[in-house]
Amino acid sequence: METRELTVVAGSFVGFQLLFSVASPPLSSAITPGYGRLPPTQLTEWNSRYVTGKHLHALIVGLFCLYILWYDDAVNANPVWGDPSLVKLNVAITCGYLLYDLVLLACNWSTMGDSFFVCHHLAALYAYGYVLTRGVLPYFANFRLISELSTPFVNQRWFFEALKYPRSHRLVVLNGVAMAVVFFLVRIAVMPSYWASVFATFGTPEFERLGLGAQVAWITSCIALDVLNTIWMYKITRGCYKVLTGRGGRKVKVEAEAASSSDKKHTNNHTD
């Protein structure tokens, strides 16, 4: 890994940590009065999801990803070995964030732990490591980052639940529908196009030049991420259906009462 990418990874890790611990509490208190009434078990996850964490990362990486897909001719012309300069910068930001989030999860496992989420992060880091160290597969690495555009809607759902908004609330319903639509578009609907591009490289000199290690890292990590995305899409669709049909109201009320009786009974909703 070159010095520039290593610096970006480290800077991203430290930057998100500082924003999480320094900026989020006062910003959250000023913008959302309900923040101060949250139990301690939810404050950490709130700070990790707010503008300083998943929101900021998703916007930076997602928009940068679209710019590269639209305007980086070298990457689009040679998806396996094209000039990876901009992609490596975007991936380095993501790797720094993923490492920061894994540390945060490990330190708060009892309230934030999610095995699916850890698998997602590790699979992404495994594949992105080849991008940073060898500069390979820039188009495919960048394409995967489109999925980050769904994260703000997922976070907003969690905020509504933490603040005990009823699922029938208009804002909750609108965000839920938007989350389901965007999640489907950027994580599920793109699968055929993505895998068509992957299969098109099989047997080419560029693919053979990768070597077995990079080939295995690329294909296995993509399969793992798409399986997780499919599972999450199912859960989101089921939840959206319950909200639209009014079948989730009683369950939410029971969960809210249970959460208020004990700060330790926190239900994790990490899905991104």
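In case you wondered, yes, glycine gets a Cβ from its N, Cα and C as well.
For 43-245, the entry in TrEMBL reads domain 'TLC'.
Among the features that TrEMBL reports, transmembrane segment is placed at 54-71 (among others).
According to TrEMBL, the transmembrane segment annotation covers 91-111 (among others).
According to TrEMBL, the feature transmembrane segment maps to 123-141 (among others). Residues of the same chain lying 6 or more positions beyond the ends of the transmembrane segment (123-141) and with a Cβ under 8 Å from any Cβ of it are 1, 5, 9, 75-76, 78-84, 87-88, 91-92, 94-95, 98-99, 194, 197-198, 210, 213-214, 217-218, 220-222, 224-225, 228.
Remote same-chain residues near the transmembrane segment (172-195) are listed as 140, 143-144, 146-147, 149-150, 153-154, 156-157, 160, 165-166, 222, 226, 229-230, 232-233, 236-237, 239-240, 243-244 (criterion: CB distance under 8 Å, separation of at least six residues from the stretch ends). Under the heading transmembrane segment, TrEMBL lists 172-195 (among others).
As annotated by TrEMBL, transmembrane segment applies to 215-234 (among others).
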Same-chain residue ranges lying at least 6 outside the transmembrane segment (54-71) that approach it to Cβ under 8 Å: 16, 19, 48, 86-87, 89-90, 93-94, 97, 101, 142-143, 145-146, 148-152, 155, 272
Predicted model, mean pLDDT over the domain 'TLC' (43-245): 88
